[in-house]
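Enquirer: Taken from TrEMBL, the feature transmembrane segment applies to 20-39, 60-78, 98-116, 151-171, 211-227, 233-252, 273-291, 323-344.
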Amino acid sequence: MGTGGVVLSLSDLFTQVAHNPVLGLTCLLVLAVVLVNGWTDAPNAIATVVSTGVLSFRRAVALAAACNLLGVLVMTAINATVAETVYSIADFGPDRAAALSALCAALCAIVLWAVLAWRFGVPTSESHALVAGLTGAALALPGGLDNIRAGAWGRVLLGLVLSVALGWWVGGLCRRLLERLHPSLPLCRRGQLAGAGAMAFLHGAQDGQKFLGVFLLGAALAQGGGVGQTFSVPGWLMLLCAAVMALGTAMGGRRIIETVGRDMVILAPREGLAADLGGGLCLLLCTLAGLPVSTTHAKTAAILGAGSAGGGTVNHRVAARIALTWLFTFPGCGLLGFLLASLFRSPLSCGILMPGTIF
């Protein structure tokens, strides 16, 4: 994490918003995406502990909300590389008005994509929707492909492959180890409690950082800066994003839990514990390496790996539907970001978003 550059106090933010209302809209949209992430993505962390009957839905949501909060605060203070990757994923150019409108378009695309996925009960990754939306919006600006940062995108793609492959493999490995160890049912249930808390903690550590990076990107663009600036993450912003994510988690995601933990695979406590261990280890390793990965992908892959290794019944139709949604997230959300950014740059939209300004 850099020093200098974008150092944003709460009073500085209010001053900037007073002079640039679009920055205020951008901040609200970032918080909306954080809320939706807590609402639709965080339930993956508690899918197994609910589906195996270890915790009731309400208690699991309370556990996830608290651990998400801790994850954002602790991991951002230790290692903010994930936030830096998202911050530098694309160059929105020197035109502050055009850059902020494109960022707003990207955030709108993410919210739309997430709500559509939730409507059909399909777990999708807001992390990859975020990357896709930012990329699509940046492509709509002058410069096109030159606006995309290949290094940051490389880390995203590496994280995508690892989160699925490592999650599936470690989930299956943990299930086979548990088969040899024969832990008692009460021990499995206690292990699931710890595993669900760890998964929620790491979800906050991963996704909280990503949205901190976007928030700071908006502040940098409003000042005429961008990916060339270094930044530090203020404590008030960590608390704000953590609280909003916890609120979103508390709103719950029962549909997604049913899809992942019941419809896709029928899990016993031993498989549930293996999935928690596999997904948690995958997320921990990738987070410490500074790779932006998806909680959804890691946990779902670990559930499939554990379920397959344990001889569980896997509903391949549901698994295929989830995989297709993952595949379509990058092109779908990227296209939405591109179209909305192009729309926001039209003369009519310019007059609404930035009166008197034509991009």
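A Cβ is built for glycine as well, from the same backbone N, Cα and C atoms used for every other residue.
On this model, are these features tucked inside or out on the surface, and what's nearby?
Expert: Sequence-distant contacts of the transmembrane segment (151-171) (same chain, six or more residues past either end, CB-CB distance under 8 Å): 85-86, 88-90, 128, 131, 135, 274-275, 277-279, 281-283, 285-286, 290-294, 297-306, 309.
Same-chain residues lying 6 or more positions outside the transmembrane segment (233-252) and placing a CB less than 8 Å from one of its CB atoms are 1, 7-10, 31, 34-40, 42-43, 57, 61-62, 64-66, 68-69, 71-73, 76-77, 80, 83, 200, 204, 207-208, 211-212, 215-216.
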